[in-house]
Amino acid sequence: MVKIVGSQADFEAILSQNELVIVDFFAEWCGPCKRIAPFYEECSKKYTKMVFIKVDVDEVSEVTEKENITSMPTFKVYKNGSVVDTLLGANDTALKQLIEKYAA
């Protein structure tokens, strides 16, 4: 299940409470973001070792700025609260490879 993050505090709490987190930085107006969303949701059900969250770049701009998000979608993997990998763009194959690298 994918959790939508509503604030900087939520974002920081999730990162601090979970060893492995993948974040989808998206925007409602972003076509590629909408296209990959169902695949991201599927992955959240299959790869249960990771916590899957989404951050709307327009709604939670503090997180967007802090994480230097300049294009959507951007996927970031956090391990113990620190970024360990980043993927730019809506590429199903690359996203699956990124997830499997850490959650397998």
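All residue numbers here begin at 1 and follow the chain in the order shown.
Any Cβ shown, glycine's included, is placed from N, Cα and C.
According to TrEMBL, the protein carries these features:
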- 1-104: domain 'Thioredoxin' (DOMAIN)
- ASP24: site 'Deprotonates C-terminal active site Cys' (SITE)
- CYS30: active site, nucleophile (ACT_SITE)
- CYS30-CYS33: disulfide bond (DISULFID)
- GLY31: site 'Contributes to redox potential value' (SITE)
- PRO32: site 'Contributes to redox potential value' (SITE)
- CYS33: active site, nucleophile (ACT_SITE)
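Features recorded in TrEMBL, as mapped to the structure shown.
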residue	record	contacts (Cβ under 8 Å, 6+ apart)
ASP24	site 'Deprotonates C-terminal active site Cys'	VAL2, CYS33, ILE36, ALA37, TYR40, PHE52, ILE53, LYS54, VAL55, PRO73, THR74, PHE75
CYS30	active site, nucleophile	MET72, PRO73
GLY31	site 'Contributes to redox potential value'	none
PRO32	site 'Contributes to redox potential value'	MET72, PRO73, GLY89, ALA90
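Under the DSSP three-state reduction, ASP24 (site 'Deprotonates C-terminal active site Cys') is assigned to strand. The number of other CB atoms found within 10 A of the CB of CYS33 (disulfide bond), across every protein chain shown, is 21. Secondary structure at GLY31 (site 'Contributes to redox potential value'), taken from DSSP and collapsed to helix, strand or coil, is helix.
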